[in-house]
Amino acid sequence: MLLKELSSLASPLSQPQVEKLKQLTAELNAVQLAWVSGYLAATANASGNLAQLAPVSDAPAAQTVTILYGSQTGNGRGIAKALAEKAKAQGYSVNLASMGEYNVRQLKQETLLLLVVSTHGEGEAPDDAIELHKFLASKRAPQLNNLHYSVLALGDSSYEFFCQTGKDFDARLSALGAKALLPLVECDVDYEAAAGQWHADVLTAVKPLIQTTANVVALNDTGSAQVASESEFTKQNPYSAEVLVSQKITGRGSDRDVRHVEIDLGESGLRYEVGDALGVWFSNNETLVDEILAGLGLAADATVTVGNESINLKQALIEKKELTQLYPGLVKAWAELSASPELLAISEDKEQVRQFILHHQFADLVANYQLKADANLDANKLVELLRPLTPRLYSIASSQSEVDTEVHLTVALVEDEHQGQARFGGASHFLASAEEGAEVKVYVEPNKHFRLPEDPQTPVIMIGPGTGVAPFRAFMQERVAQGAEGDSWLFFGNPHFEQDFLYQTEWQQYLKNGDLTRIDVAFSRDQAHKIYVQHRIKEQGQTLWQWLQNGAHLYICGDAERMAKDVHQALLAVAVEFGGLSSEAAEEYFETLRSHKRYQKDVY
């Protein structure tokens with residue numbers, strides 16, 4: 001078979017590995033190819049580990065449980081890894097892998113498949129699940145009559161397409177003849193208990209189908225090598241760091257309060273790569289908690305049980321419970337507790353619920369929808385009703401190549417007003433209010449889907465309006481530290497030049513030094529007609545297209561609901577106008593860039 005005809009379906013390689021192999025060998029002549037072929041064969045024979053390198057599925061199928069995960073953050077991988085460890089303890093042979101590294105050619109050989117997958121954006125598969133998701137939906141997908149499977153879907157019920165990717169996998173596997181071990185398990189943001197129950201249930205369901213003759217977990221997991229060197233500080237065990245700076249970087253006349261926050265990681269040993277996020281645990285505002293307690297007529301010192309801990313109600317609401325983000329289940333529950341005709345009507349309409357939760361918090365439910373007389377909502381029932389507090393993720397705005405043990409964030413203070421009452425975002429208000437020396441509990445959340453090119457000479461195009469510019473500040477610090485010679489281009493936008501040009505002097509210095517090749521800005525309200533970054537992209541379309549043809553990597557960070565979609569449409573228009581592509585071919589072009597890791601998004 002010719003190398004140019006090679007695909008993951010006809011080799012033991014995944015598609016990303018195939019593409020990398022093609023790229024590495026494209027410039028070799030026949031003599032060089034022959035030498036490389038001989039060298040690799042000799043290396044493989046010398047290792048004496050050919051049997052060890054064979055896919056786990058080459059073992060008798062009934063002996064192996066394959067566990068695949070697809071997740072934008074590390075939650076899915078953590079659930080899958082914990083399941084693999086439990087399966088090992090029960091004597092099972094396990095193949096654990098990211099969906100992005102899994103060779104779909106193996107699928108028809110599987111007999112036991114357990115999937116953990118999240119949903120990203122508006123019902124979209126996370127980056128590492130896209131290829132498998134597409135394959136299962138295609139005509140190439142085989143019949144899977146010998147397969148037993150189970151799917152754990154991760155999602156956030158405050159979004160319309162809750163757990164959609166998991167639903168897609170479940171439906172498609174069933175349509176291909178596979179048999180479900182359990183009904184689809186849908187997990188909200190407080191997924192820990194449901195995931196733990198799934199672990200127990202699915203291993204019980206697997207037991208009659210497998211012989212426990214193996215006792216080794218085969219980790220076909222690109223992240224497994226990294227696990228050994230990870231910091232002891234995690235989401236479950238965060239590091240208590242010190243706030244060094246929380247400085248407003250928008251002007252006095254701006255209607256936006258954006259903070260530059262610097263945090264000292266001290267001697268924690270925490271390491272991050274540019275593109276990663278910082279998880280921030282926060283406490284709810286005490287004044288907000290007092291308002292809720294007064295509105296419900298509940299005593300602050302009432303004893304409640306949260307998990308295995310007995311604490312007073314006020315402490316539980318400050319430290320343990322989500323108060324600033326509503327979700328559909330809570331709106332529906334409160335509608336029933338209040339018997340409010342208005343809220344009941346809202347709770348029955350998905351779009352009305354979606355709009356309602358964007359502009360209301362739990363305190364608004366308490367203030368505006370009084371409980372009916374027989375609601376009987378006591379302190380313990382209240383904490384059961386509210387879902388657990390979860391950390392917020394912020395794109396890291398620094399490189400440790402420059403700031404060493406510090407980590408920098410760009411935080412927009414979330415502010416809203418409802419019936420004259422100001423409401424603030426939980427984490428953003430916590431960070432904005434933090435004084436020098438204050439403690440904040442943090443951990444690093446890796447994002448392998450938002451990485452600079454391995455070759456510093458590769459050009460990069462960075463599109464980051466508003467606080468979406470944060471990771472590109474980190475990118476530039478890293479590129480300077482690398483001595484990168486590749487061109488770099490930033491698109492930035494915000495309402496006003498004088499008030500909202502985040503990190504203006506830094507960008508100007510990068511331009512002056514030649515580290516940043518060019519910058520195009522869009523200040524939407526500095527003229528009669530609004531101008532956004534997507535307009536600048538179209539204006540510079542010919543040059544942008546040439547950069548892409550020269551191998552540039554393309555990055556987008558910021559708002560997923562509107563900005564990222566508008567920017568994508570602008571990029572498609574550029575490909576049509578300046579690349580001469582049809583609309584369908586333009587979509588395929590950017591899909592190819594994405595699969596080659598040349599088109600990456602960090603959107604939220």
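Yeah, the Cβs are placed from backbone N, Cα and C, and that goes for glycine too.
The FMN binding site feature in Swiss-Prot is assigned to 71-76, 118-121, 154-163; the stated evidence is sequence analysis. What Swiss-Prot lists as FAD binding site is Thr324, Leu358, Arg392, Leu393, Tyr394, Ser395, Thr410, Val411, Ala412, Gly425, Gly426, Ala427, Ser428, Tyr604, and the listing cites sequence analysis. The NADP(+) binding site annotation in Swiss-Prot covers Ser524, Arg525, Lys530, Ile531, Tyr532, Val533, Gln534, Asp566 and is backed by sequence analysis. Per Swiss-Prot, the feature domain 'Flavodoxin-like' maps to 65-203; the stated evidence is sequence analysis. The annotation domain 'FAD-binding FR-type' is assigned in Swiss-Prot to 236-453 on the grounds of sequence analysis.
In the three-state DSSP scheme, Tyr532 (NADP(+) binding site) falls into the coil class. Counting other Cβ atoms within 10 Å of each Cβ, the binding-site residues Arg392, Arg525, Lys530 show the lowest value at Lys530. The secondary structure of Ser428 (FAD binding site), as reduced to three states from DSSP, is helical. Checked against Ser428 (FAD binding site) by C-alpha proximity, the binding-site residues Asp156, Phe162, Ile531, Gln534 yield Asp156 as the nearest. Here the Cα atom of Ser71 (FMN binding site) is found 16 Å from that of Arg392 (FAD binding site).
Listed binding-site residues: Ser71, Thr410, Ser428, Ser524, Gln534. The one with the lowest count of other Cβ atoms within 10 Å of its Cβ is Ser524. Looking at the residues that bind NADP(+) per the record, Ser524, Arg525, Lys530, Ile531, Tyr532, Val533, Gln534, Asp566, the two CA atoms farthest apart are separated by 18 Å. When the alpha carbons of Asp566 (NADP(+) binding site) and Thr324 (FAD binding site) are compared, the span between them is 28 angstrom. Closest to Arg392 (FAD binding site) by Cα-Cα distance, out of the binding-site residues Gly74, Gly121, Tyr159, Ser524, Lys530, is Gly74. Phe162 (FMN binding site) sits 20 Å from Thr324 (FAD binding site), taking the C-alpha atoms as the reference points. The distance from the Cα of Arg525 (NADP(+) binding site) to the Cα of Ala412 (FAD binding site) comes to 19 Å.
Rounded to a whole number, the C-alpha distance linking Asp156 (FMN binding site) with Thr324 (FAD binding site) is 15 angstrom. A C-beta separation below 8 Å, combined with a sequence spacing of at least six in one chain, links Ala412 (FAD binding site) to Arg256, Asp257, Val258, Arg259, Ser428, Gly466, Thr467. Note: the domain 'Flavodoxin-like' (65-203) comprises 59 helix, 33 strand, 47 coil (DSSP; helix = H, G, I, strand = E, B). Note: the Cα of Lys530 (NADP(+) binding site) and the Cα of Thr410 (FAD binding site) are spaced 24 Å from each other. Using Cα positions, the member of the binding-site residues Ser118, Tyr159, Tyr394, Thr410, Gly426 nearest to Ser524 (NADP(+) binding site) is identified as Thr410.
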